[in-house]
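Noted in TrEMBL for the protein shown:
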DOMAIN    191-387  domain 'FtsK'
BINDING   223, 224, 225, 226, 227, 228, 229, 230  ATP binding site
Ligand SMILES: Nc1ncnc2c1ncn2[C@@H]1O[C@H](COP(=O)(O)OP(=O)(O)OP(=O)(O)O)[C@@H](O)[C@H]1O
């Protein structure tokens, strides 16, 4: 029978820890909980529960590592950070040193802004929700963001207002990528090696391959000039090389920067436009082809296409999409927008995808923005562009794309909104030099067998 004795000391410690979550250490709170449990329920029961919990987690990790990584790991990491990195005494000292505490006028007591919640969705980015003191404003924290970053030994800290009296500190603990570019993947030779639902584009912050599906997807890439959008045009093509060679994937490209970006790989494309009128023709021809494909699928009573040389996956890659959707002659812009909307709403099941690359992801520049299904945000020039690209609240959750320096050491780094998750994932695209692109062209057009690098 469990004892009902409530030892005053443990009770008080537990109660105090609940009332002052920022002021107690996890060992103290845990010790209080465990002691109380041992006194109330006995040692074997407490040990059994703790052991069961640990075994349960271990079993989950071994049995379903993917769901463990997406569900349990962020929560465990958040707990660990809450009670280790941002624990009471250390937190108070940091805020004191950064002059972000206030003082009770009557008693002279120090009032430390309280931590409400810590989220650590990724190993390198934490978001701390903080209730600021009366008399403080978010801009006071913004002014001290640099000092906070140094005090927390972090790369950078961004401050986001959540609601009155609550700010979020988005803490980028480290840059998981070094200054060297990620080399392109070895050219695959066999079409069987290619999975169009997982084309490798680079690395994630976890050091895993960053893959993206190109089946039934429209890819939107936003980034300021020099952010590395080009690598996200070439990496998919490299990843699909044998299918390009075999005619199972057929890309068209629109490059209204006088064709500068795509000249080196011009032979990879089925159609290519470098001026506005040809671009409009290509969009219309792409839409017409979609209609034919739909008629074909209807005739065969199929609702989905399978990529083959007869019915290839068609990609329309549009560099500087804004020049097509905002800066052309207004009547033509309207008709191109209509065609693109038709392609994007109907093309997915029929194997027609659009990849758009923009410097300015605003609705004015890209009115069809919402029709894209997969999004990448490289370095952008304003905070608001992050949420415009990835979705509301993504900057608050850690996608500090506006803070990525615009230099070659950071080109190709950005954030993606992972499917099925509201957390941003930091990624870096692999980089292909002109030489690599020429190798790709030779392989696709002449079937030249690629040289494999030997590890
Ligand atoms: N993934 C990458 N990794 C490392 N460096 C890169 C990467 N992508 C691009 N770079 C470097 O950054 C430079 C600018 O890249 P890129 O031309 O792709 O930018 P962009 O966003 O397309 O700019 P713009 O809109 O002006 O065309 C490249 O010349 C290259 O040196």
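A Cβ is built for glycine as well, from the same backbone N, Cα and C atoms used for every other residue.
The average pLDDT computed over the domain 'FtsK' (191-387) stands at 93. Close to residue 227 (ATP binding site) in the fold, though at least 6 residues off in sequence, lie 378, 379, 380, 404, 406, 411, 412, 414, each with a CB less than 8 Å from its CB.
Only 223, 225, 227, 228, 230 of the binding-site residues listed as 223, 224, 225, 227, 228, 230 bring a Cβ under 6 Å of any atom of ligand 1; the order follows the sequence.
Cβ neighbour counts within 10 Å, taken over all protein chains shown, single out 223 as the most crowded of the binding-site residues 223, 226, 228, 230. In the shown protein chains, 10 other C-beta atoms lie within 10 A of the C-beta of residue 225 (ATP binding site). Among the binding-site residues 224, 229, the residue whose Cβ has the fewest other Cβ atoms within 10 Å is 224.
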